[in-house]
Amino acid sequence: MTKQPIYKKQMNAQKNKPIVFFGTDALAMPVLRALFDAGYPVKLVVTKPNEPVGRHQTLTASPIKQLAKELGLTVWQPEKYDTLEPLKETNTELYVLVAYGKLLPNEVLALPSLGVVNVHPSLLPLYRGPSPVQTALLNGEKETGVTIMLLDKGMDSGPILAQVRVLIEKQEKSPELSERLFDAGAKLLIETLPDYISGALAPKPQDESLATYCSIIKRENGLIDWHRSAQEIFNQFRAFTPWPGIFTFFNINGKQVRVKLLEISAQQENLHVKAGTIITHNKLPPLDVACAQGFIQIHRLQMEGGKPLTDEEFLNGFGAKLDSKLG
């Protein structure tokens, strides 16, 4: 079912200033669609080159390229910015960048007279960097938000145009929260651009004394430390679903086996055993693991090289061979 436009065409010529859009990830799609639906002439869509995907490494267009083609927009996919002519030929004063996945060189930042507007999924200056959503979840934040800002030479350090706060739901994982944040960002951008373009809205510098940072997520960030609380481990699960996921090592038949946890819940009751101890009930589910505070119930898991299993399926197959102490 095709989504209906949620933004009416804006007839004021000042609001309809042409733009260049930079984006790659699917999370940028609601923003591009919102700009298109609101009547902003998108002169050029800049996205990353097609990348190999899947087992057969098939060259695949980015979600933004696919949407741009659907909307009849011109696409440019530079590997490097050896030439700026495609940008200069658009003769646009404003660029918008969302989930592009590449840093813009200074010569590109300098081209548009109104700058490069960015939708960033945090309440800047909090969580500058590449993983603001995951890090907010990892830290157990109850609230985050979206910032409309202007890019500068620093790391998400440019002046702010607008912000909106978003409450984080208790069970919410990274994909769901990211989608809500960029939907909110699309709406906020459309509300903000007219006043910025007209000069009625002045960019506000960030307070550097309040700045915090987040880093690139790596595969090893998914390793569970059972000496943390059950809630902290559950927050790690929420943050790193679907990638890199969270994992531990089970001792099965004397061998350490890497196990990814696919579905878990955090329980606050203390089991009064050493952290990292597996508790089963005569090798029957539930499959519980003691933490520093509380315990984690494992509902679904996947051994390396194997298929996803429920706790019952796992215990039926491996319960008798399972050491009670995690590796």
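Placed from the backbone N, Cα and C atoms, the Cβ positions cover glycine too.
Predicted automatically and left uncurated, TrEMBL annotations should be read as such.
The (6S)-5,6,7,8-tetrahydrofolate binding site annotation in TrEMBL covers Ser122, Leu123, Leu124, Pro125. Around Leu123 ((6S)-5,6,7,8-tetrahydrofolate binding site), taking its Cβ as the centre, 21 other Cβ atoms fall within 10 Å, counting all chains. DSSP assigns Leu123 ((6S)-5,6,7,8-tetrahydrofolate binding site) to coil in the three-state reduction, outside any helix or strand.
Residues or ranges marked as domain 'Formyl transferase N-terminal' in TrEMBL: 19-193.
Residues annotated as domain 'Formyl transferase C-terminal' in TrEMBL: 217-318.
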The domain 'Formyl transferase C-terminal' (217-318), counted residue by residue under DSSP: helix, strand, coil:
22 helix, 45 strand, 35 coil
For Leu124 ((6S)-5,6,7,8-tetrahydrofolate binding site), which residues of its chain lie six or more apart in sequence with Cβ-Cβ distance below 8 Å?
Thr147, Met149, Asp156, Ile160, Gln163, Gln206
Among the binding-site residues listed here, Ser122, Pro125, whose Cβ has the fewest other Cβ atoms inside 10 Å?
Pro125
